[in-house]
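Peer 1: Shown below is the structure under consideration.
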Amino acid sequence: MALSFCGNDRGSNAYSVDKGVLDNGCFVDALNLVPHVFLLFITFPILFIGWGSQSSKVQIHHNTWLHFPGHNLRWILTFTLLFVHVCEIAEGIVSNTQMESNHLHLFMPALMGFIAATTSVVYYHNIETANFPKLLLALFIYWILAFITKMIKLWKFAEASLGVKELRFCITALLVVLYGLLMAVEINVIRVRKYVFFANPQRVKPPEDLQDLGVRFLQPFVNLLSKATYWWMNPLIIGAHKRLIELKKIGKLPIAMRALTNYLRLKDSYEEQRQNTEDPEKSPSIWKSMYRAFGGPILLSSTFRYMADLLGFAGPLCISGIVEHLDNSTEIDRTNKTGNMTFGVYFMSSTELLQNTSVLAVLLFLALVLQRTFLQASYYVTIETGINLRGALLAMIYNKILRLSTSNMSMGEMTLGQINNLVAIETNQLMWFLFLCPNLWAMPVQIIMGVILLYYLLGDSALIGAGVILLLAPVQYLIATKLADTQKSTLDYSTDRLKKTTEILKGIKLLKLYAWENIFCDRVEDTRGKELTSLKTFALYTSMSIFMNAAIPIAAVLATFVTHAYIEEVRLSPAKAFASLALFHILVTPLFLLSTVVRFAVKALVSVQKLSEFLQSDEIGDDSWRNGDMSMSLEVGKKYKYHGDTKAINRKGRYRMDNYEQPMRRQPRPTETEEVAVQVNDGFFTWGSNLSTLSDINIRIPTGQLTMIVGQVGCGKSSLLLAMLGEMQTISGKVFWSNFFLLPLFLALSWLSKNRYSVAYATQKSWLLNATVEENITFGSPFNKQRYKEVIDACSLQPDIDLLPFGDQTEIGERGINLSGGQRQRICVARALYQNTNIVFLDDPFSALDIHLSDHLMQEGILKFLQDDKRTVVLVTHKLQYLIHADWIIAMKDGSVLREGTLKDIQTHDVELYEHWKTLMNRQDQELEKETELESQTTLERKTLRRAFYSREAKNQIDDEDEEEEVEEDDDDNMSTTTSRRSKIPWKMCCRYLSSGGFLMVFLMVSSKLAKHSVMVAIDYWLAAWTSSNPHNQSLADSSVNATNYTKNYDATQIAEHRSYVPVFIILCGAAIALCLITSLTVEFLGVAAATNLHHNLLNKIIHAPIRFFDVTPLGQILNRFSADTNIIDQHIPPTLESLTRSTLLCLSAIGVIAFVTPAFLIALVPLAVAFYFIQKYFRVASKDLQDLDDSTQLPLLCHFSETAEGLTTIRAFRHEARFKQRMLELTDTNNTAYLFLSAANRWLEVRTDYLGAVIVLTAAVAAIWTSSQSGLVGLGLTYALTVTNYLNWVVRNLADLEVQMAAVKKVNSFLSTESENYEGSMDVSQVPEDWPQHGEIKIHDLCVRYDSMLKPVLKHVNAHINPGQKVGICGRTGSGKSSLSLAFFNMVDVFEGKIVIDGIDICKLPLQTLRSRLSIILQDPVLFSGSIRLNLDPERTCTDDRLWEALEIAQLKNMVKALPGGLDAVVTEGGENFSVGQRQLFCLARAFVRKSSILIMDEATASIDMATENILQKVVMTAFADRTVVTIAHLVSSILEAEQVLVFSSGILVECDSASNLLAQEDSLFSILVRTHK
């Protein structure tokens, strides 16, 4: 048959124009080609040639700048146009099949139209991004031409009296409308931009965000196609493969998404409500404010959601159509035409087109693509809105925190915990609620629609199936609530377990020395047992939930089809069976999600309640009297923030804020007319309860002088400072701050507003930021090197800074390095000194410092640095010896002022008080002498710091070496190694995890999973066989047979045969439901088993690790294994694993079924598989990076909140609210950017896998139609193909999640390879005498000791002999090896040469447990464990009460313990905090005495206690231990002057060994030098 444009049917004269040119239909179609050809000719040269030379004038992300009016409308219209063209092509091709010869003119113009429309949009996009509007004229002309030619065609159709019944008439009419609209859009562009026909075209500037190259989140700015497919993410996701995604790479947020913008939106709607309500008491509704601020996007998202859901039903309907028409295709004959012939061509009706299976297949594909696009768009919009809402809420909470009244915090109405919960939990709950929000109203619609369609397909039996689903939904809700409860109890247990683990790790040295590690290990295991019980319940409920999910659809299908077989007269056709099967699949999702959504809605209600209470809580009074103007709040923020002046993070991580500069030295003083800086008149202040804490306060603080406030503990000194700062509630009275600084107004007002009103304030409880030492001291002021150095020297911080690994750039604070109390306090004082303010408040800065430092600080810092600067200083102190320096003294007693004046005044007027002070001063002087003898506390603090770092560095070196080994050496090409390493799935860790779960469980899981999926396939296959089982494979509802006739013909045998399929169907469904239960249980319990084993092994390995391990591994790192990593292994891996295996097997079984039905599909599978492989490979790497970024940016944000809440008074005194708000906004935005990118990456993946799924459905349908297999099987194949689209992206998402979670297994596993100590020893326990060591004789032969085989020896060739009962002292300078010797007695270090023999037994041969349980030691740091006193003295429970009381009596503690409630069972809090340091040390002494050992070792035991306690200790050692060998390691030589034998060490070598008196007699002995230098 010859191809010809107009066709050459017999007897038709296609080319004749006798009736007039336009009456020839073929000519009109040819005319329609003209505009399309015109467009292609004009645009191609411009697109290909002109483009190289054109580039944008402004340096922006110019390829995303969309600025022609009607932009989105144009894209939507063009897409609609393309769709109509597709319909036109389909109609033309199908009509063509009805003709005798090929009529190209039926579909050729439509095809050209499709190409032209595609070109138009490409052309338009390029013109728009290049900002070259004149070229749009070509499009304008095209739209006009196309409109005219289509109008002619429509007019001719109308003349020939064709109407809406003919499909081609409708299509042409639609095209006319679309071309008309596009023409209107084009005219509008000309009207607005005036680029042609006007004298002066409009100038446009790109939006601020696009000019700022730091903004990398382009979703709001790209065109529709890129928005829908996340095309703009490609460079980021593919680039992640080569290079880690860092914060720098994701840039900052567009202005509209920043926390500040959203905060202002939310706040405005919140405040608006507050103003509009008549009742001022009624709090504004947060729900309303949220709706006003963020309602728009939520409605948009819901619209997308509805469209997606409605399109979702196209799937089952198309399947039903395809299967039905495959069946009937034989019967639809050419005779059965419903169309008519006009213009010599065939016109069909729309129903006829929809009976064509190929058309249905294409429609199914388009519907899927659209449905998925809408669904992802809906997800994205809700997530973006949720993130915006969270940013706004965080800013709102933060602003409220900064204004909270201090009494609220101190009276415990608002605890830190509550604030942290608001930030970490409640805001996230609301965010999640917003994510799931559109589901709330979309799901009911989806469910109702689904049930109606089922009813239409199956009649009454459908209602039974739907009923089954609805009945089981509440059960799911119940399970979901139970799950939440179990999770709570699990959390409580794991917190408890963590607390115990932390205690063990902190006191590990003591536990090992006393051989108690197993006892305490069992305590942790007990709690872990409870936690595991709770976890098992959790696993049970989770598996129930999974089971319900899988079983409900099976049960529904079973109920429906079985009832259908028995009650309906009509046979079930494959078309209906598989369409309803697909519908059931659709229905399950909303029902499963509904329980989740309802749960989240309930949680959201609670969260809003909490938030609203918080926002209503008391605020601090407006202290305008201290406050030149309070405009540094976020209102000023409005002015500043929009100019984008907040600098991004400089690389060194110092945050700068332009609107917060402070000048360096203060300007010369204005004449000091007033002598009083602060004055309080008749002040009565309270902390919230109406009882006044401070009463009748009349004081004045002289300007530029040093005022001291003294008084007993708890008499209100600190409260007085806070009252002056306006932190307390004023009952009556006034606080005046002098305002003489405002006299010369021309003096730079800027510095006035910033410095004058801020007070440098150092609190009693030191408060540090999580920042570097330098940032803590400068605290936002500009850095001035000389001033900084002076401050550091005044606070004697230099030696401490030198010890830190990175000097003053070391991170300190919660997440950084832990400093001791004294070091923290000195940093806080340094901060107050460094700030350039006129008034300095120091609240007891000496409390945690020893005497030398206090003196130095007083002289250098306060008297010199501050007084030289003529600053007004108010100092609260207990150190009365400093009163002589005070210019003004305020003495307080019981909340009121006792005396005020200079020291002279008090001496003359209140002799009694003065005398009282004198006696106190004398006592303090005695303490001073005692302290000078002692190695000062600071030196000790520095020592501990040094130890921590020395060991950590060694560890780091080892770590680096390990890491280097890990890199694969064979590959020279660096890039490719990183790539291959980053995209590998950690199979090794997965195996490790599964093997921890036990092979039986793994086997059960794998086999039950496979069995379940096989049975599921069998059910559907059986359904296909059952429905296709009628004779001649013809549908009984034949078009020619009348229904009433056919019921009669339906003989009993056929009914019987039809029903004979039912029993097998029931058996299969039952088996499937049982298998669902088994699989869900095995996976969850495999998880529990793995968690049990991993934690048990981890705990045992770590507890039995050598002491060296704890020196080199930071405590935080070990604790992380027990907290975060264990939590992931316990709760996150099992569900991920379950979901991954399920979705993978579903996809595989689906592909298997399709391949079985239509083997041709396998050919198409190859390219699809390749595409899928690359998508998942790129996504996994990028997702992991973004996930890490999200996690790592969340922590600083939460820390910043808790920091602010802790340091409220300081921040407010310094007047740094604005800076902290700014920092909070930066942190929130950074975290939100990471989260947005992460969710955009998820959308990127889902859009791609969904499109892949749609292609799979299309190929499956086309293959089935062409090979025209059995209709039942085709239905089966298509139903499976539809499920693939849902599960493909889950495969990848779960893979990515599992990869992140397996990192936890890897970390735990890395600790499982640590060496344990050798507990066995070469002797058997039975060979050791019961009472060994009976005498306590110690011989040391040629002893060499090192901490690790890699390190140098710390003791070299030591020989010594200690007689039984001797009192021996060991001394030497720091680091000479004294303490190492004490550890050698317990075989805690590596003795690689020589030996120690105690009572004739070489200790290295003994089992460790035996050796350590027979000696006792008192350590330098007293360690107590939480529990009872009995547990601390005798955890093994081997001693009688009398023995314990005797020990307490010896340690002088009996009376104190007797007085405690519970006596020996009295509570000891964590770390023994409820006892003083001295008491704790005495408990340790009692502990050593309880164990009646003949050898006692005291390791610097008196270092951290006061004189009185030390005397007790010495006395006890002399009396109670008279007959035992006592080895004292002394840091103070004076404590061993009475020793019978002294060993003096110097750098690991024993240099002197004799009695103390003999050594002192030798002038030049090292011992006498040590005694003389008090070292």
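Note that the numbers count up from 1, one per residue, in the order the chain is shown.
Backbone N, Cα and C atoms are what each Cβ position is placed from, and that goes for glycine too.
For 959-974, the entry in TrEMBL reads compositional bias 'Acidic residues'. Marked as domain 'ABC transmembrane type-1' by TrEMBL: 308-603, 1015-1299. The domain 'ABC transporter' annotation in TrEMBL covers 678-919, 1338-1572. Residues or ranges marked as region 'Disordered' by TrEMBL: 955-979. Residues or ranges marked as transmembrane segment in TrEMBL: 73-94, 106-124, 136-155, 167-185, 353-371, 377-398, 430-456, 462-480, 582-602, 1064-1091, 1150-1175, 1251-1267 (among others).
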Peer 1: With an 8 Å cut-off on Cβ pairs and a sequence gap of 6 or more, do the domain 'ABC transporter' (1338-1572) and the domain 'ABC transmembrane type-1' (308-603) reach 3 or more such pairs?
Peer 2: yes
Peer 1: Mind checking which residues of the chain, 6+ beyond the ends of the transmembrane segment (73-94), have their Cβ under 8 Å from one of its Cβ atoms?
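Peer 2: Contacts with the transmembrane segment (73-94): 106-108, 110-111, 113-114, 117-118, 120-121, 124, 167-168, 171, 174-175, 178-179, 181-182, 185, 223-225, 348, 352-353, 356, 359, 362, 366.
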Peer 1: When the pLDDT values for the domain 'ABC transporter' (678-919) are averaged, what is the result?
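Peer 2: Over the domain 'ABC transporter' (678-919), the predicted model scores a mean pLDDT of 81.
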Peer 1: Taking the transmembrane segment (430-456) as reference, which of 106-124, 136-155, 377-398, 582-602, 1064-1091 has the most Cβ pairs under 8 angstroms?
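Peer 2: That would be 582-602.
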Peer 1: Take the C-beta pairs under 8 A between the transmembrane segment (462-480) and each of 106-124, 136-155, 167-185, 353-371, 582-602. Which stretch has the highest count?
Peer 2: 582-602
Peer 1: Looking only at residues six or more beyond either end of the transmembrane segment (136-155), which have a C-beta under 8 A from one in the stretch?
Peer 2: 22, 28-29, 31-32, 34-36, 38-39, 42-43, 46, 68, 113, 116, 120, 123-124, 127, 169, 172-173, 175-176, 179-180, 182-183, 186-187, 189-190, 195-196
